[in-house]
Amino acid sequence: MKTKVWTVDVKRDLSTNCPQIAQAARLLQQNETVAFPTETVYGLGANAKHSEAVAKIYEAKGRPSDNPLIVHIAEIEQLAEFAEVDSPQAEMLMKRFWPGPLTLVLPCKPGVLSTRVTAGLDTVAVRMPDHPVALELIRQAGVPVAAPSANLSGKPSPTKAEHVVNDLNGRIAGVVDGGPTGVGVESTVVSCTGEIPVILRPGGVTKEQLEEAAGPVLIDQGLTDEKKAPMSPGMKYTHYAPEAPLAIVNGGVEDIQRLIDQYQKDGMKVGVLTTEERADVYQADAVRICGRRDRLETVAAGLYDVLRSFDEERLDFIFAESFPEEGVGRAIMNRLLKAAGHRVIEA
Ligand code: AMP
Ligand code: MG
């Protein structure tokens, strides 16, 4: 399969009829897969009502079939066709955060969506992305669009169209290139099927923001307690991993430099993930800067690109600084821990 790439200049092309998006939407209607930008990461979309279309997503990504997909909508009116909204908190959260990086897990109405989307569960994850290209594409496709991140399963999620092409060229029908994405980590997933909402995956919207809008919110214990299974099927899989093994270091600059020196002395090629504030302090084979520590949203925005960029260096080991688990820092640490396979060095 030849993968078509359409370039869309968000400012210039969307003010008129955009033939690139029309062509991409037609492919979705023909039950093909199309990758597109959202405000979080690039998604790989397919018609959520059609099982063969949805099967193509799992196949292209090599995604385990028990890991359900997020359904993307462009208008709130699309929701009632396939989901129940009987939780007052869900309504408040939608009103406050849609379009935006928040996914809600709601009871699913049977018989509308392909059962492959929900991996057979009786709930469905839904969100309305805050990106003009994504919204226009979904609108023109005229169907709810199932879309996980557009990477090979296990790799860091794509924040640029070139990441999608690197992973999926020849495996999907097309990519709409709308430039780099903004938030950089995936949506926050919140289950609204019980009395109190539960965060199943930390992301672009923080716990503090959720609580301000809808009252108390819990965090799935399975995310932090290794002995408990996570409530969200996808959270049990290894993810975001660069090719070289990675460890998070709880310690200062000197501790990390000492580890680098030690590993280099053993003949290893060593990388380090740090931020602008400490750009010049490390001596390593690859020093990668990811945003500013005093503005954690910039770390989130750059994280996957930096994780991917280590692969160019053919390293033997990578050390990453750790980040405070507050605000979007929770999502950053959740992704880093997965990238590290939970390897943490207490220095
Ligand atoms: P991705 O599409 O790769 O960003 O991942 C979507 C995340 O949402 C995965 O962790 C899924 O397991 C999770 N998810 C999707 N649908 C549901 C659902 N019905 N219940 C719980 N988690 C879900
Ligand atoms: Mg993903």
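Each Cβ is built from the backbone N, Cα and C atoms, and glycine gets one as well.
Since the structure is predicted, the reported quantities are computational estimates derived from the model, not experimental observations.
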TrEMBL annotation, L-threonine site containing T40, H72, R127, S187 - matching residue among A147, A150, A213: A147
Lowest local Cβ density (other Cβ within 10 Å) among binding-site residues: R63, R127, R201: R63
Three-state secondary structure, which DSSP defines for T123 (ATP binding site): strand
Cβ-Cβ neighbours of A147 (L-threonine binding site) (radius 10 Å): 27
Contacting binding-site residues, sequence order - T40, N67, A147, S149, S157 vs ligand 1, Cβ under 6 Å: N67, S149
Which binding-site residues sit within 10 Å of Y240 (ATP binding site) - Cα, from T40, H72, R127, A147, S187: none
Those binding-site residues in R63, R127, A147, S149, S157, R201 whose CB falls under 6 A of ligand 2, listed in sequence order: S149, S157
Model confidence over the domain 'YrdC-like' (18-205), averaged pLDDT: 96
